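Undergrad: What TrEMBL records for B:His69, B:His117, B:Asp202, B:His206 is Mn(2+) binding site. Here TrEMBL flags B:45-124 as domain 'Manganese/iron superoxide dismutase N-terminal'. If you look up TrEMBL, you'll see B:139-235 marked as domain 'Manganese/iron superoxide dismutase C-terminal'. Look at TrEMBL and you will find B:1-16 tagged as signal peptide.
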Amino acid sequence: MAALLRTSALRAGLRARAAKSTAAMASTTFVRGKATLPDLSYDYGALEPYISGQIMELHHSKHHQTYVNGFNAAVEAVAEAEAKGDAKGVAAQAPLINFHGGGHVNHTLFWENLAPNGKGGGGEPEGKLLTAINEDFGSFETLQKQTNAALAGIQGSGWAWLVKDKTSGTLSVVTRPNQDPITGNLEPLLGIDAWEHAYYLQYQNRKAEYFGAIWDVVNWGTVSKRFEN
Amino acid sequence: MKLLPLLSLFPVCIFASTNPDLAWNSDDSPNPQDLHLTTMSVGAYNLPALPYAYNALEPSISGQIMELHHGKHHQAYVTNLNNALKTYASATSSNDIAGQIALQSAIKFNGGGHINHSLFWENLTPASSPDAKPESAPTLMAEVAKTWGSLEGFQAAITKTLLGLQGSGWGWLVKDSQGLRIVTTKDQDPVVGGEVPIFGIDMWEHAYYLQYLNGKAAYIDNIWNVINWKTAEARFIGTREDAFKILRASI
């Protein structure tokens, strides 16, 4: 899949160069830095029964791929507008960069903070991370409850995140609408996707069941590494 | 009753009493055929019955989607709206302005969900119905042609708008003082700015995912087979009050 994308991206880049010599430099730079769909470190079916293989396959190979494509297209449009000195054209891409770029960033973090149950996924946080969770939430159980309440309270599509304040080091749970990424002074540690495409084929409207099940495939090793970085 | 724009649509006395029928178990799907028999107490909103069977929109929209969408999703908006309004009423009676403000988001979201879905069911109809033919909306079609050149031109325009939605939301054809317009609303924000909603298309993933998966363009293509042009014509000719009468009927 990633190889296919690179090939078609290259062709698009070549076409762009052929068509517009003034944009040639920007296109070349852009092709080199093109975003690609990251491979999963586990099989599509590896998170079952908590997340079905069908969901994982669509979610990764279709939805995430669409964000990658959308992000690359928006970045290319920015480069073209920039080359023409078209500030309005650059600004017009901002919502698309935020949405598709955020979708790419969020899903990349998401796949990495999941793992098959018993093979890195599930269980409880340990070490310094657990100490911080106990200090900031009272207990791991309270963190789970707060996260599940935050997920249930999302109106529409969005994400819930366990985040660390970069200045104070304090942990908290926040939500973001649609594909808005975690930015600014917050470091994302653990993301949970509350878009309907993340659970609907398996859980339908029973999203609380999905929010309950996902803890069995949370990769606390990844979360700990992000926390300690 | 100048509480919120939403509520000002409904000159009703809110929450004279609670009704045990509101406590429907979420796993206990109400049968739409029985709903008209369930008389709710004055002031609480009720899930309106569908004007057709769950599977009547197949193959454009599957029966499974319709049953979940109406019986579970719409029901949840109604239940949560009633709960929020009940809490709002007690916040009002105890002069708790902070409590009232805190509830506005839940009222807008769940009230919007109730409004949008009530309008949506009515602006769909089985493909076999004569109402599904654009010829059932001669006045509206003339205005569509004036605005977009043709029905196909309008369909292309709204399709592009719908595919550009970021996250959950709706696309609407509306009438305002200037004429016809395409608007989108995010999440469950309702069209309550004075426009008359002619018809809405639900772009939440729950509206199509079980059947179309990530193929939302195919969902949009197929929904044209089940648009109720007769309802659209009536809303176009009528007023905002006419379009919202389904909501008053669901109280």
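Glycine is treated like the rest: Cβ placed from N, Cα and C.
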Undergrad: Go through the binding-site residues B:His69, B:His117, B:Asp202 one by one and keep only those whose Cβ is less than 8 Å from a Cβ of chain A; report them in sequence order, or 'none'.
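TA: Listed in sequence order, the binding-site residues near chain A come to none.
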Undergrad: What does DSSP call B:Asp202 (Mn(2+) binding site) in the simple three-state scheme?
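TA: For B:Asp202 (Mn(2+) binding site) - judged by DSSP and reduced to three states - the answer is strand.
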Undergrad: Within 10 Å of the Cβ of B:His69 (Mn(2+) binding site), how many other Cβ atoms can you find? Include all protein chains, please.
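TA: Total other Cβ atoms inside 10 Å, all chains included: 25.
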Undergrad: Looking only at B:His117, B:His206, the binding-site residues on record, which one has the least crowded Cβ, with the fewest other Cβ atoms within 10 Å?
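TA: Least crowded of the binding-site residues B:His117, B:His206, by Cβ count within 10 Å, is B:His206.
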Undergrad: Is it possible to list how many residues within the domain 'Manganese/iron superoxide dismutase C-terminal' (B:139-235) are helical, extended or coil according to DSSP?
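TA: Helix/strand/coil tally for the domain 'Manganese/iron superoxide dismutase C-terminal' (B:139-235): 48 helix, 24 strand, 25 coil.
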Undergrad: Which three-state DSSP class does B:His69 (Mn(2+) binding site) fall into?
TA: helix
